[in-house]
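Engineer: If you scroll down you'll find the structure; I have some questions about it.
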Amino acid sequence: MSNSTQHWIAQRGTALQGSLTIPGDKSVSHRAVMFAALADGTSKIDGFLEGEDTRSTAAIFAQLGVRIETPSASQRIVHGVGVDGLQPPQGPLDCGNAGTGMRLLAGVLAAQRFDSVLVGDASLSKRPMRRVTDPLAQMGARIETESDGTPPLRVHGGQALQGITFASPVASAQVKSAVLLAGLYATGETSVSEPHPTRDYTERMLSAFGVEIAFSPGQARLRGGQRLRATDIAVPADFSSAAFFIVAASIIPGSDVTLRAVGLNPRRTGLLAALRLMGADIVEDNHAEHGGEPVADLRVRYAPLRGAQIPEALVPDMIDEFPALFVAAAAARGDTVVSGAAELRVKESDRLAAMATGLRALGIVVDEKPDGATIHGGTLGSGVIESHGDHRIAMAFAIAGQLSTGTVQVNDVANVATSFPGFDSLAQGAGFGLSARP
């Protein structure tokens, strides 16, 4: 079954059982191919996510003159050209749906000697980019956006960049990463501070590639002029993808699943803390480290959940997992309150509105507010859901269908392939009632 089908029909299946291997982490895969391309020497990447977003990033570096081999779907061998070895592209660089790819590439391309244009699909073309282009402009970059600050990004090369001390107004790992990557090319030191700590994939991986970088929660700094050394990277399983099965096993009676070698970056796992507040039964085992990233097996067993107030401090550490959390909240006894999550309105869709509207269509009472919502737990009924082409909305309602009193039709599911190719077949094998329709 292909994720490119038009819609899914989700309905009650069986309890989830057994051991599951989740595809590689999207955030780590993006950075691995990017940093390997900028390194001196050849790097091997194992566990690479073969999704549309990550393929877009790899294809862009091929357009920039980097040779990338594909021995298997989950492997890449990248022949790095060094920080100063990228070549002018022959046309626009298409990021597809990948906000990570576009924002991080803006930081790299701002320092090149040539001009370039970054474009994206209809969803990415609506997303805010001034949060990246403004600090890059402070460093001396010249990047043009549309009048409303959206893509395409027209990057003018040949600019001399200066290091800056940047206090980011938003808690965004993508913004931080773009500034740090530009900082590699800048004169002097570049430092970034954040209102709340965000994921530190960039900092950890730059360190793995030999860059001297100082970082702690909410702070990072590096000096310009450094080079990257090739290294091999083992990409852990993607926590954001695992999140859908973590929630499903938590709310489907009788479930007991183990998810293998899941990335547990401490700035990524807010969902685990939130679900544990709600009474979830989640046990970590076999802790290890892959490419600077902590990993572990997660055993998740069904447990009756109760509503909870989600601490705002957890929000940056679970920003991509809120669609799954909303489904857990709908299945819980009592009310779950989410605040401080306005960033959800500028993701691949307005996720607050999309989840609130979808849950209401299934009979759940949701009080929406500008930066969050209160979800009143209840019984999930039948309905038709518009995913708005957002992969995480689509997968969240595939879970909701597992507790539905009838069927849930989830429309516009093609973009699931951007982050989780094979989601539907893996879900079916685990026990989901899920079928594809044209």
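One is the number of the first residue shown, and numbering goes on along the chain from there.
Cβ atoms are placed via backbone N, Cα and C, with glycine included.
Swiss-Prot lists Lys26, Gly99, Arg127, Gln174, Arg351, Arg392 with the feature phosphoenolpyruvate binding site, giving sequence analysis as the kind of evidence. Annotated 3-phosphoshikimate binding site per Swiss-Prot: Lys26, Ser27, Arg31, Ser172, Gln174, Asp320, Lys347, in sequence order. Under the heading active site, proton acceptor, Swiss-Prot lists Asp320.
Give me the local environment of each listed feature.
Structural biologist: According to DSSP, Gln174 (phosphoenolpyruvate binding site) sits within a helical segment. Other Cβ atoms within 10 Å of the Cβ of Gln174 (phosphoenolpyruvate binding site), summed over all protein chains shown, number 23.
Classification of Lys347 (3-phosphoshikimate binding site) by DSSP places it in coil, neither helical nor stranded.
According to its DSSP assignment, Asp320 (3-phosphoshikimate binding site) is coil.
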Engineer: Far apart in sequence but close in space: which same-chain residues, 6 or more away, have a Cβ under 8 Å from Arg127 (phosphoenolpyruvate binding site)?
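Structural biologist: Those within reach of Arg127 (phosphoenolpyruvate binding site), by Cβ under 8 Å and sequence separation of 6 or more, are Gly99, Gly120, Thr150, Pro151, Val346, Lys347, Glu348.
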Engineer: Helix, strand or coil for Ser27 (3-phosphoshikimate binding site)? Use DSSP.
Structural biologist: helix
Engineer: Whole-number Å only: compute the distance from the Cα of Ser27 (3-phosphoshikimate binding site) to the Cα of Arg392 (phosphoenolpyruvate binding site).
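Structural biologist: Given the Cα positions, Ser27 (3-phosphoshikimate binding site) is 15 Å from Arg392 (phosphoenolpyruvate binding site).
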Engineer: Would you mind ranking the binding-site residues Lys26, Arg31, Lys347, Arg392 by how many other Cβ atoms sit within 10 Å of each Cβ and giving me the lowest?
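Structural biologist: Lys347, out of the binding-site residues Lys26, Arg31, Lys347, Arg392, has the fewest neighbouring Cβ atoms within 10 Å.
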Engineer: Across all the protein chains here, work out how many other Cβ atoms are within 10 Å of the Cβ of Arg351 (phosphoenolpyruvate binding site).
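Structural biologist: Total other Cβ atoms inside 10 Å, all chains included: 24.
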Engineer: What's the CA-CA gap between Ser172 (3-phosphoshikimate binding site) and Arg351 (phosphoenolpyruvate binding site) in angstrom, rounded?
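Structural biologist: Computed Cα spacing between Ser172 (3-phosphoshikimate binding site) and Arg351 (phosphoenolpyruvate binding site) is 17 Å.
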Engineer: Would you work out the biggest C-alpha to C-alpha distance among Lys26, Gly99, Arg127, Gln174, Arg351, Arg392, the residues that bind phosphoenolpyruvate according to the record, and give it in angstrom as a whole number?
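Structural biologist: Across Lys26, Gly99, Arg127, Gln174, Arg351, Arg392, the two farthest Cα atoms sit 19 Å apart.
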